[in-house]
Amino acid sequence: MDVTIQHPWFKRALGPFYPSRLFDQFFGEGLFEYDLLPFLSSTISPYYRQSLFRTVLDSGISELMTHMWFVMHQPHAGNPKNNPVKVRSDRDKFVIFLDVKHFSPEDLTVKVLEDFVEIHGKHNERQDDHGYISREFHRRYRLPSNVDQSALSCSLSADGMLTFSGPKVQSGLDAGHSERAIPVSREEKPSSAPSS
């Protein structure tokens with residue numbers, strides 16, 4: 001029996017050109033030039049980058065290839081500090097931080113279904129800097145078994161950070177599982193979400 005051995009560089013079908021992350025993490029953000037050819041951005045001097053990108057973009061890249069890069073490389077994808085989702089579970093508390101800066105509390109629905117929290121956001125078409133856009137997302141997270149579901153809370157900060165949190169109960173106590181909606185309250189101050 002023949003076994004094909006691949007170099008670790010090509011773990012995915014298309015190697016470094018195949019996406020290795022979720023695409024919808026930044027809801028409608030812009031695109032930077034280094035997102036089009038990220039593997040070159042660290043190897044080329046900044047003095048030549050601008051002209052190289054202009055040459056490549058102006059030299060007739062097919063529309064399909066351009067679209068592929070737009071879809072696969074969202075802004076800040078490689079920077080873990082800019083990840084729009086942070087889930088923290090320590091000894092006393094379970095917290096989800098989710099960047100939803102394009103949504104208002106009225107656009108968000110947060111529900112607890114058994115051992116899961118479901119966060120859904122949707123806004124109808126509205127005008128922004130680039131034209132008209134509508135956005136929608138749906139996230140589902142498993143709650144730890146010892147989270148007190150009767151004390152769950154959810155708030156949206158002034159800078160668009162949704163914070164879902166619940167205290168953990170000591171082992172042996174009933175955490176109380178049921179289906180219910182969690183209201184999203186609005187805070188006037190920016191989020192204190194961790195940066196890493």
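We number each residue from 1, going along the chain as drawn.
Using N, Cα and C of the backbone, Cβ positions are placed for all residues, glycine too.
Per Swiss-Prot, the features are:
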BINDING   His123, Glu125  Zn(2+) 1 binding site
COMPBIAS  176-190  compositional bias 'Basic and acidic residues'
MOD_RES   Met1  N-acetylmethionine
MOD_RES   Gln6  deamidated glutamine
MOD_RES   Ser45  phosphoserine
MOD_RES   Gln50  deamidated glutamine
MOD_RES   Lys93  N6-acetyllysine
MOD_RES   Lys122  N6-acetyllysine
MOD_RES   Asn124  deamidated asparagine
MOD_RES   Ser145  phosphoserine
MOD_RES   Asn146  deamidated asparagine
MOD_RES   Gln170  deamidated glutamine
REGION    168-196  region 'Disordered'
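When the recorded positions Lys93, His123, Asn124, Glu125 are ranked by how far their Cα is from the Cα of Gln170 (deamidated glutamine), Lys93 comes first. Look at the recorded positions Lys93, His123 and count other Cβ atoms within 10 Å of each Cβ; Lys93 has the fewest.
Neighbours of Ser145 (phosphoserine), defined as other CB atoms within 10 A of its CB across all chains, total 11. Annotation for the modified residues Asn124, Asn146, Gln170: lowest Cβ count within 10 Å of the residue's own Cβ, Gln170.
For the pair formed by Asn146 (deamidated asparagine) and Lys93 (N6-acetyllysine), distance between Cα atoms is given as 10 Å, rounded to the nearest Å. For Glu125 (Zn(2+) 1 binding site) paired with Ser145 (phosphoserine), the C-alpha to C-alpha distance reads 38 Å.
Ranked by CA distance from Ser145 (phosphoserine), the recorded positions Lys93, Lys122, His123, Asn124 have Lys93 at the top as the closest. Taking CA atoms as the reference points, Lys93 (N6-acetyllysine) and Lys122 (N6-acetyllysine) are 28 Å apart.
For the recorded positions Lys122, Glu125, the ranking by surrounding Cβ atoms (within 10 Å, all protein chains) places Lys122 first.
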